[in-house]
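Peer 1: One structure follows; several queries about it will come next.
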Amino acid sequence: MHWPYKDLLDVDVLSVEDAQRIFETADSFMEVNTRSVKKVPTLKGKSVVLFFAEASTRTKTSFDMAAKRLSADSFSLAKSSSSLTKGESLKDTGLTLQAMNPDAIVIRDSRSGAARFLAERLDCAVVNAGDGWHAHPTQALLDAYTLRKVWDGRFEGRTLLILGDITHSRVARSNVHLLTKLGVRVRLCGPRTLLPPRLDTWPVEVFHDLDEAVRGVDAVMCLRLQLERQQDGLLPDLREYSRTFGLGRRHLELMNPGARIMHPGPVNRGMEVSSELADMPESLILDQVTSGVAVRMAVLFLLITRKDQGGERVQS
Amino acid sequence: MSSPDFVIKNALWRGEAHDLCVADGKVLELRPASGEGYGDAPVVDASGLVLLPALIDVHTHLREPGFEWKEDIATGLSAAAHGGFGSVMCMANTDPVNDNAAVTERMLDRAREAFPGGGPRLFPVGALSVGLAGHELAPMGELAAAGCRAVSNDGMPVANSELFRHAVEYAADFGLTVIDHCEDPHMALGVGVNEGAISSRLGLKGQPTVAESLQVARDVLLAEYLGLPIHIAHVSCRESVELIARAKERGVRVTAETCPHYLLLTEDAVEGYDTAAKVNPPLRTMDHVQVMREALRTGVIDMLATDHAPHAAHEKEVPFTQAPNGISGLDTALCVTMGLVDEGVLSLDDLVRAWATAPAKAFGLPVCAFAPGDPADFTLYDPSASWVVSPQTMHSKGRNTPLLGRTMPGRTAFLYVNGKRVV
Ligand SMILES: [Zn+2]
């Protein structure tokens, strides 16, 4: 069965079955990633461009590793280091890249809608690796994939809290879409200045008090706080933020037994979450990173082999 | 009756066939069609065409000097003429800014060159502050003498209420009305979309309605305190309408305009990051659209204006946050509002008031009310000539409109200014 989509721009178009298919594909790659030789020839001869106009070492490395472990050639194009993008429009940069016939372009851009803009103009697969405040679909997929493992595949009836700066978070937006679709009850908590307008149109419960918000949850996903929000006038000071909205030991007792801690990284230790919680066995922060490579391998595999009838399957 | 230079026969005026006699660029007489002859005066058969005064657009961006690739005075006035407009007030955010007589005069020269036989009338709007920078008052006496009818910092709202107060006072001495683009510049940062469900989902910083209405409140209070007129540009939301309505009840000298797109489109138009629908103030929700329609019908909003803001295709073909604000509106404005008449939202009289008599009154411009001696500025609109909005059918250089592909319910068949046929 062919993967139906040319691009991965957001999780909102994915059905539960689509997500399950990505997870199952990632399962087989998880295994590859534990071998001594962590490479399969699945995408040999294919090329993936990593076009990161906004700095992100971790997502870029994860995609790069995913491509290489599938034997695809990956090429990085950073906005700062490239004369290609200087003063050039996104359209022209995209067309220039396309002229080199890559099989997929992975794009990170600080402008919401940038990935979609590119995808509408290019024939090759476009993977959104984060566009502005809008979407980060592979992050949501890897988060759900990580939870699927520890929850034995059962999302129904679970409650997850997303904590922190929701307004500026593509991670939050994509996770809300995907997790609610999978059956998770999603809560949001943060200061009102960091919550987007019209949350009544989102399928979530909103809290402003962290003690109430964590009561009875099965997982808490802390978001990275951009420290400049203080200068933006959205917060008084960071100490107050960490006291009011930072996750600490005292919250553990309010959560369901065995509740999990997540963070998309990089963590401001002691700010969004205490060091103690970040490092405890219930923390999934490093599992998320591990899942990330496998999920991105699955995404690249499904998109790039979409057109190759009877293309190479995962070697196991 | 002295003999007419020419006669428009059988035009529909208020639903009845009328004959319009024109002499020396002026209306000689408008009378029910009788079938009788007018000597050897040439006759234009206007059967089935709707007679309207030539429209007046008090808020247009013609981009010349400085941004001629977006539009120039010739193409802008051509779009105006084909859209049924006989008079156009063009904003000062050109390069150089229209903050001195030389720029105003150059604009007027270019309009004369574009239509040597006489075309749409151009009334430049001077800058309110030097360079639109919001620091020093522009030389308004010089601007008025050169032909400006109003001053505005449109596009660069003046947050400094002290400076704005002095601008209103100083302008009054020269018979200039201040037009204010109402927006709190801090709150409105990163605009193009309404703050609400769509901005929230798309991950865009939205502009709240209160960013507009806060400044409307300031202007209303200032106009009341000073007893001087202020004209509020492109009103888009309920809160502004309520403030204006209450001010008018108290006799405050405020006038206000809204644009066809605020009567027709909602924030849903930016779905998919459509930069064609990126406009400032942003498109709001259906609630606000209903309020704007009602406010125009009842006269709380005095008039319509296009806020014609042409941009080149490549400027809009960028990610949403990067795209310039603006909709190219001159070609479609009359058709869109005639569509609202067809739907029963507005009456034809509402349109005549909103597009002609009210703007003329507010800015002291010539207008045709079809009384003997009025300037023969009129439009004949063909309600049967529907057309599809496309780059080929538009006369403006700016094809940036969310209406591309839409069918318009009719089209300007003729435009006369000063008794001269322009279209
Ligand atoms: Zn404006």
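Quick reminder: no glycine exception, Cβ is built from N, Cα and C everywhere.
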Peer 1: In TrEMBL, the residues B:ASP154, B:HIS181 are said to bind Zn(2+) 2. Which of B:HIS82, B:HIS234, B:HIS261 is said to bind at that same site?
Peer 2: B:HIS234
Peer 1: Could you measure between B:LEU62 (substrate binding site) and B:ASP154 (Zn(2+) 1 binding site) for me? Cα positions, answer in whole angstrom.
Peer 2: 13
Peer 1: Can you tell me which binding-site residues out of B:HIS59, B:HIS61, B:ASP154, B:HIS234 are within 10 A of B:ASN280 (substrate binding site) by Cα, answering none if there aren't any?
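Peer 2: So the list is B:HIS234.
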Peer 1: Need one number: mean pLDDT over the domain 'Dihydroorotase catalytic' (B:49-240).
Peer 2: 97
Peer 1: Spatially speaking, which of the binding-site residues B:HIS59, B:ARG63, B:ASP154, B:HIS181, B:HIS234 is closest to B:ASP307 (active site)? Use C-alpha to C-alpha, please.
Peer 2: B:HIS59
Peer 1: Measuring Cα to Cα, tell me the gap between B:HIS311 (substrate binding site) and B:HIS61 (Zn(2+) 1 binding site) in whole angstrom.
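Peer 2: Computed Cα spacing between B:HIS311 (substrate binding site) and B:HIS61 (Zn(2+) 1 binding site) is 10 Å.
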Peer 1: Near B:HIS61 (Zn(2+) 1 binding site), which of the binding-site residues B:ASN93, B:HIS181, B:HIS234 can be found within 10 Å, Cα to Cα?
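Peer 2: Final answer, ordered: B:ASN93.
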Peer 1: Counting only other Cβ atoms and using a 10 Å cut-off, which of the recorded positions B:ASP154, B:ASP307 scores lowest?
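Peer 2: The recorded positions B:ASP154, B:ASP307 were compared, and B:ASP154 has the fewest Cβ atoms within 10 Å.
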